[in-house]
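I have placed the structure first, in the form of structure tokens, so that the comments after it can refer back to it.
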Amino acid sequence: MYKHRYFHFFFFFFFFLVSTKIIRSFTFLNNNTNLSNPVYFKKKANMVYDLIVIGGGSGGMAAARRAARHNAKVALVEKSRLGGTCVNVGCVPKKIMFNAASVHDILENSRHYGFDTKFSFNLPLLVERRDKYIQRLNNIYRQNLSKDKVDLYEGTASFLSENRILIKGTKDNNNKDNGPLNEEILEGRNILIAVGNKPVFPPVKGIENTISSDEFFNIKESKKIGIVGSGYIAVELINVIKRLGIDSYIFARGNRILRKFDESVINVLENDMKKNNINIVTFADVVEIKKVSDKNLSIHLSDGRIYEHFDHVIYCVGRSPDTENLNLEKLNVETNNNYIVVDENQRTSVNNIYAVGDCCMVKKSKEIEDLNLLKLYNEETYLNKKENVTEDIFYNVQLTPVAINAGRLLADRLFLKKTRKTNYKLIPTVIFSHPPIGTIGLSEEAAIQIYGKENVKIYESKFTNLFFSVYDIEPELKEKTYLKLVCVGKDELIKGLHIIGLNADEIVQGFAVALKMNATKKDFDETIPIHPTAAEEFLTLQPWMK
């Protein structure tokens, strides 16, 4: 009798638990569809946060979540969508478009591998699916903050003092649609600025007729696009645009694109772009963007050249820190061209205020870098050059993994008393062009300038990747892979590694570890390569300079 009672009790209890979980699941799914809508928090009475983070991009999110996991009381303020530039208008949508362009290349050339492929492309469908994925990431970011017990405030922040900020534009859940926007004042022992950056528009006549790289992702139809700028964002976008069937022009102010990258690598890229009918206009000093009619723009250069009939003109001439509304001047926070100046601990000129990510620049310490390694070649020459440098030198690395690393390590230092800092040297970089570029360390030109030509040895190779070997086209039209090692001193310390070609974006990551561990050419020579791969060429290179 009692056994039956216990059985019924446990049965109904189990049924209740399962039912509750199912209901919660449906509630979550229902709520999840609206997670992109704002969720507002009312400040808790007398709350003093251990850390207030201004900005919900990669660096801000990383710092906030890590600090919360260290049991700190954390608030995060964001005026737009969570995820920052990277998730919303940068790395993520860009890589999806890069993937689409790569799929195009494979489909277009599949006949060389025996496939009879006919295809069409639906840009609006790709945009829809891409944006759904980004919205999903926005929602995941919001869930992660909730899971880590980070209080999220949505609005625009500005400083009232070194410990207090004003948030404009927040609403609580009981006043979401009616009444004036609330203002909230938060107090924190430490404040982190991670506001990222925004596109720059120069004072050019007709600039209002253009869009930025951010708005590029809103384009669903176009026949002809011009991009003004020659940095990595411009180069990545123009390569995508052409492969999506759009007539493409890129306008470079100087004699070549990507001037800060190794010249030999960029020469290979420019040749590939020209073979794919991407128009590279050099020495292009734009003086006017004229609107002839709707979706009919012309680009006018200072030397009289005119390029016509563009549906869209995209300006990619740089980005600037999004700091002007923070009221930094009230606290005398040191800035340099609007970038917040921080030390190697990410601390600003105000003791309890920090900055990470694209909005800041890190002042290098004064000690001689790599002094033990410099003895491999000509230390005296290098020291003399250093003595002639009187101005401050800064790191300004605008990359998502750098911001994430800096944010997490800052939280560790603040709340676990750890000492590790972000290492801004030898940061691997990839340009998602077609073909992609991977690079670590110094270019050949920079190495010669620092160490002297007599102390630099170059190893390089150019070849046709096996993937393209079966293409039924002229050999000179087949895509090439080019790679280079920049070595310094008698022990041939590798100070730079560069590659352009198929899968370069994946190849370069592992070599970054080797360079960080001070690998030499001998280390590469003594490593057994994997065959047949493009990466094996790094381990079998022969010098052109004896």
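A Cβ is built for glycine as well, from the same backbone N, Cα and C atoms used for every other residue.
Source: prediction; values computed, not measured.
Annotation comment: Swiss-Prot describes 2-46 as transit peptide, evidence class experimental evidence. Under the heading FAD binding site, Swiss-Prot lists Ser58, Gly59, Glu78, Thr85, Cys86, Lys94, Ala157, Asp358, Thr400, His531, citing similarity to another entry as support. Annotation source Swiss-Prot lists glutathione binding site at Ser58, Arg65, Tyr141, Arg408, citing similarity to another entry. Marked as disulfide bond by Swiss-Prot on the basis of similarity to another entry: Cys86-Cys91. Taken from Swiss-Prot, the feature NADP(+) binding site covers Ile233, Glu236, Arg253, Arg259, Gly318, Val430, and the record attributes it to similarity to another entry. Annotated active site, proton acceptor per Swiss-Prot: His531, in sequence order, evidence recorded as similarity to another entry.
Taking the features listed in Swiss-Prot, we show where each one sits on the structure.
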residue: Arg65; record: glutathione binding site; Cβ within 10 Å: 23
residue: Glu78; record: FAD binding site; Cβ within 10 Å: 27
residue: Cys86; record: FAD binding site; Cβ within 10 Å: 24
residue: Cys91; record: disulfide bond; Cβ within 10 Å: 18
residue: Ala157; record: FAD binding site; Cβ within 10 Å: 27
residue: Glu236; record: NADP(+) binding site; Cβ within 10 Å: 25
residue: Arg253; record: NADP(+) binding site; Cβ within 10 Å: 15
residue: Arg259; record: NADP(+) binding site; Cβ within 10 Å: 13
residue: Gly318; record: NADP(+) binding site; Cβ within 10 Å: 13
residue: Val430; record: NADP(+) binding site; Cβ within 10 Å: 20
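The record assigns Ser58, Gly59, Glu78, Thr85, Cys86, Lys94, Ala157, Asp358, Thr400, His531 to the FAD binding site, and the maximum Cα to Cα distance across that set is 55 Å. Sequence-distant neighbours of Ser58 (FAD binding site) (same chain, six or more apart, CB under 8 Å from its CB) are Gly83, Gly84, Cys86, Val87, Gly357, Thr400, Ala403, Ile404, Gly407, listed in sequence order. The Cα of Glu236 (NADP(+) binding site) lies closest to that of Cys91, out of the recorded positions Arg65, Cys91, Tyr141, Ala157, Arg408.
Counting only same-chain residues six or more apart in sequence, the Cβ atoms lying under 8 angstroms from the Cβ of Tyr141 (glutathione binding site) belong to Gly56, Met61, Leu82, Gly83, Val87.
Among the residues Ile233, Glu236, Arg253, Arg259, Gly318, Val430 said to bind NADP(+), no two Cα atoms are farther apart than 22 Å. For Arg408 (glutathione binding site), the Cβ neighbour count at a 10 Å cut-off comes to 20, with all displayed protein chains included. Here Glu78 (FAD binding site) is compared against the recorded positions Arg65, Cys91, Arg408, Val430, His531, and the shortest C-alpha distance is to Arg65. For Ala157 (FAD binding site), the nearest of the binding-site residues by C-alpha distance turns out to be Arg408; the candidates were Gly318, Arg408, Val430.
Take the Cα of Val430 (NADP(+) binding site) and measure to each of the recorded positions Arg65, Cys91, His531: the nearest one is Cys91. Comparing CA positions across the recorded positions Arg65, Cys91, Arg408, the one lying closest to Arg253 (NADP(+) binding site) turns out to be Cys91. Other Cβ atoms within 10 Å of the Cβ of Ile233 (NADP(+) binding site), summed over all protein chains shown, number 22. A 10 Å cutoff on Cβ-Cβ distances gives the residue listed as 'active site, proton acceptor' a total of 7 other Cβ atoms nearby, all chains included. Of all the binding-site residues in the list Arg65, Ile233, Arg259, Gly318, Arg408, the shortest Cα-Cα distance to Cys91 (disulfide bond) is found for Ile233.
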